[in-house]
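Q: Below are the features I grabbed from TrEMBL:
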| type | residues | note |
| --- | --- | --- |
| TRANSMEM | A:30-55 | transmembrane segment |
| TRANSMEM | A:61-79 | transmembrane segment |
| TRANSMEM | A:84-101 | transmembrane segment |
| TRANSMEM | A:107-129 | transmembrane segment |
| TRANSMEM | A:141-166 | transmembrane segment |
| TRANSMEM | A:190-212 | transmembrane segment |
| TRANSMEM | A:244-264 | transmembrane segment |
| TRANSMEM | A:270-287 | transmembrane segment |
| TRANSMEM | A:294-312 | transmembrane segment |
| TRANSMEM | A:318-339 | transmembrane segment |
Amino acid sequence: MGTVLSQAVSGGQADLDVVAARRRRARLRAVLVVIVLLAAFSVWAVIDGGAQLYLQRFFDGITNGLLYGLAALSLVIVFKATGIINFAQGPMAMLGCYLALTVLEMWPMPVLLAIVIAMVVSGLGGAVLERVLIRPFDPDNHMAIIIVTLALFLGFNALAALVWGFRPLSFPSPFPQGTADAIEIAGARLSYQAIGTALLVVGAVVVLELVLNRTRLGLSFRCVANDVANSRLLGIDIGRTVQFSWALAAAVGTLGACLIAPSTYVDPGFMNKILVYAFAAATLGGLDSIRGALAGGLLTGLSVSLVTGYLPGVGSELGLVVGFAMIIAVLQFKPAGLFGNRAMERV
Amino acid sequence: MHRRKAELVFSTVRPAAVAVVLLAAVSLTACSHDKQAATAEMCVSEAEQNVTAAADNPNIPKAEVDASLGQVGDGCVFRGSGGFQLDVSKCPTDYDINTGITDKEIRLFTSMPHSGPLAAYGYIGDGLKNYLSYVNANGGVGGRTIQLDILDDHYQPDLTRKNVDKAIQDNKYAASVAILGSSNNGAIRDVMNDECMPHLLVASSEDRWGDVENYPWTTGMGLNYGNEAGLWKRWISDKYPDGATVAVVAMNNDFGKAYEAAFTDAAEGSNIKIVAKELIDPSAPNMTDQLTSAAASKAQVAIFAVAGTFCVQAIGGVERSSWDPDVITGNSCAQIETSLAPLQKEGLTGDGTMVIQYYYNPSDPANKAPEYAELYAEQMKKDGLDPEVAQYTNGWFWGWYLVAVLRNADAMQGGLNRANIAVAARTISQPYPLLVEGLTSKMNGVEDAYLFEGGQMFRYEGATTSKIGEWKPIGELINREGSTGNFAKLNLQ
């Protein structure tokens, strides 16, 4: 990456404030454009197919979008601290979910507690993984680390198949999930499961935003991602910082997988399918933004369910294509994603 | 070739074989440039027939074939029932009908996913091996053991092709069996037929495997999608004589599209109206978008031509929604422990799901052959395999018909050789012990290229959130044995 700085190159606090304000305005403008486009499409959709169907598709899109966003979060956390995409994130989260399932089977307990236990264990696992397999590599050598994560991707999938087999298992939802557990709005169903998941996801985003943007730890994350050598000079413990990002990402990933699992069922490949959409969500939101990941997820989910549902000639089998078309469209205007910071290079 | 011929002369005392060799030798010396002679040579069967060696065992199919079928005279033509015959002289010049077959063993291969996300389907190979080890311990095929090599293709057609190319080059396999997947078999059937490699009992149920004329070396096995979709249509017509609306949700691949097209064909011209068609990409994480669109059609019947986790997602999704159609799934969703049992933990049951069945699972208490089912559980235990895994039971299903084919080939004129194996794969009449009562399984050359042509609608009943239910037959068994013909003359009406 060379010497890339995300802060303004030089100048005083006033300059920084001006740059930040400009960024905020640009971000707001981009989000507004997206919302206006979405609203226009929605009006046409309601006229075309009626309010009930539209609402149902809207809820489907939001529900799936939240899950994509949640999976994207853990990608963003590692990216923020290291500047790499962790391809093993899906399988790591999948293992975490199997772990929660196993804990539940061995000791009957509330589902949420089992999820928390699995999050702690996978957080520790993430830290160990970083120490053993990632730290031996030069943190500036992104390619080598990415290859390691690819190897982990394959290894974890095989491991899960070996231990738990391929049979799809159901993961109990922490929220009521029976046939009657839903509210109806104008005839469209919104399940308690979806509402509960949404609350949890938003809570997770708020906590992560606070941790990563308002604490010293968050600052060191950004510093390490930007410039390893300078961070070292500033006295930041590179290893610890990266290790913490892996642990945090593993824990958040496990939470995500456990919330996704009730709607997809658990088999060794279930998170790999989500991961593709999570990449889309993370890129859309800007790879280094927590709230961007969530916004990107929502946008991906909504556009997939609305575009494939309404645009004639775009069948529901083209969901992934729509997702990627969306990314390309956004990146044309906002190359760093909706919420991403544009990298500036010192010349 | 010459060396092997010499061995044959000294090691066997069958006058017929000696006569054949002498004849070939004489014609070779008399006219060494004659193509006729060369082709006659590649059709010399080295097999020693030994049909009576196998003891009577109800768990292994006996040879059941007209012994006059098979090699015609000493020539290169092999005749089967139902007007079918193979002319081996059209095969590559270095072809040998005895490759992979010795007095001790017969070597076969298969290609299926044994790693990667779809490796679960590959368990069928382990089930098959498990059954073959039982057969080998109980007489094999005329005293020969059946050896099966499983090649891994990750369910990717290009890798299947690579495996097949290598298997052909290795020059040690007599035939393939149960190669898995629609696209995978589609990618190799040309080369299999060009190379005259018997492409036995394909593990995919598309109609096109019954294309006798263009692909004589390829044979299908399971109830083909066209027939199954026709049975759905009949059931719907019976229940809704005044017409019905149907939503079809299918996987966006060869498998799902074949089902979808077959049902569209079957429903054409009837008062059944397809009001929604939704495709789902195999790589999609879930199918909520498709279910919402299908539900918006308010169809009376929902048909799910899906597999894997999509089965349980579809059944659970409909149960959870306010849509209440009759749910029919493809036979690919018929396994209770993978498609229905996972629903329980979510307060759902899956009750009322319907599927066309044509054979029972050994673990199904309603099955008609408890002894065979017991043997299955016992053999599974021997290899440390879980008898509940659906693909193992399918392995036994495929294994039964493989042994039927090999034993039939062994009993034909010329004995066990590759051409007779391909012919025998179109000359089957032995019924599997666990078939639905009243159903038959026959292959009869050109006239009948489909082993199964019938089934019965079953409904999943009696499940609660703490107990799994069972498949109960509803409606009549429909057996159209012998009436659907072959792919060129497909009669599904």
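Going from the start of the chain as shown, residues are counted 1 onward.
Glycine is treated like the rest: Cβ placed from N, Cα and C.
Any TrEMBL annotation is an automated prediction that lacks curation.
Can you tell me where each of these features sits in this structure?
A: Only residues 6 or more beyond the boundaries of the transmembrane segment (A:30-55), in the same chain, are considered here, and those with a CB under 8 A from a CB of the stretch are 185-188, 295, 299, 302, 306, 309-310, 330, 333-334, 338.
Remote same-chain residues near the transmembrane segment (A:61-79) are listed as 85-86, 89-90, 93, 191, 194, 197-198, 201, 204-205, 208, 212, 225, 245-246, 248-250, 252-253, 255-257, 259-260, 263, 271, 274-275, 277-282, 285, 287-290, 292-306 (criterion: CB distance under 8 Å, separation of at least six residues from the stretch ends).
Only residues 6 or more beyond the boundaries of the transmembrane segment (A:84-101), in the same chain, are considered here, and those with a CB under 8 A from a CB of the stretch are 71, 74-75, 78, 111, 114-115, 117-119, 121-122, 125-126, 129, 142, 145-146, 149-150, 152-153, 155-157, 159-160, 163-164, 169, 171, 246, 249-251, 253-254, 256-258, 261, 266, 268-272, 274-275, 278-279, 287.
Sequence-distant neighbours of the transmembrane segment (A:107-129) (same chain, 6+ residues past either end, Cβ-Cβ under 8 Å): 92-93, 95-97, 99-101, 152, 172-174, 243-244, 246-255, 258.
Through the fold, the transmembrane segment (A:294-312) approaches residues 31, 34, 38, 41-42, 44-45, 48-49, 53, 57-58, 60-73, 201-202, 205, 277-278, 280-286, 318-320, 322-323, 326, 337-339 of its own chain, all at least 6 residues removed from its boundaries and within a Cβ separation under 8 Å.
Long-range contacts of the transmembrane segment (A:318-339) within its own chain (CB-CB distance under 8 A, at least 6 residues past either end) are made by residues 27, 30-31, 33-34, 276-277, 280, 283-287, 289, 291-292, 295-296, 299-300, 303-304, 307-308.
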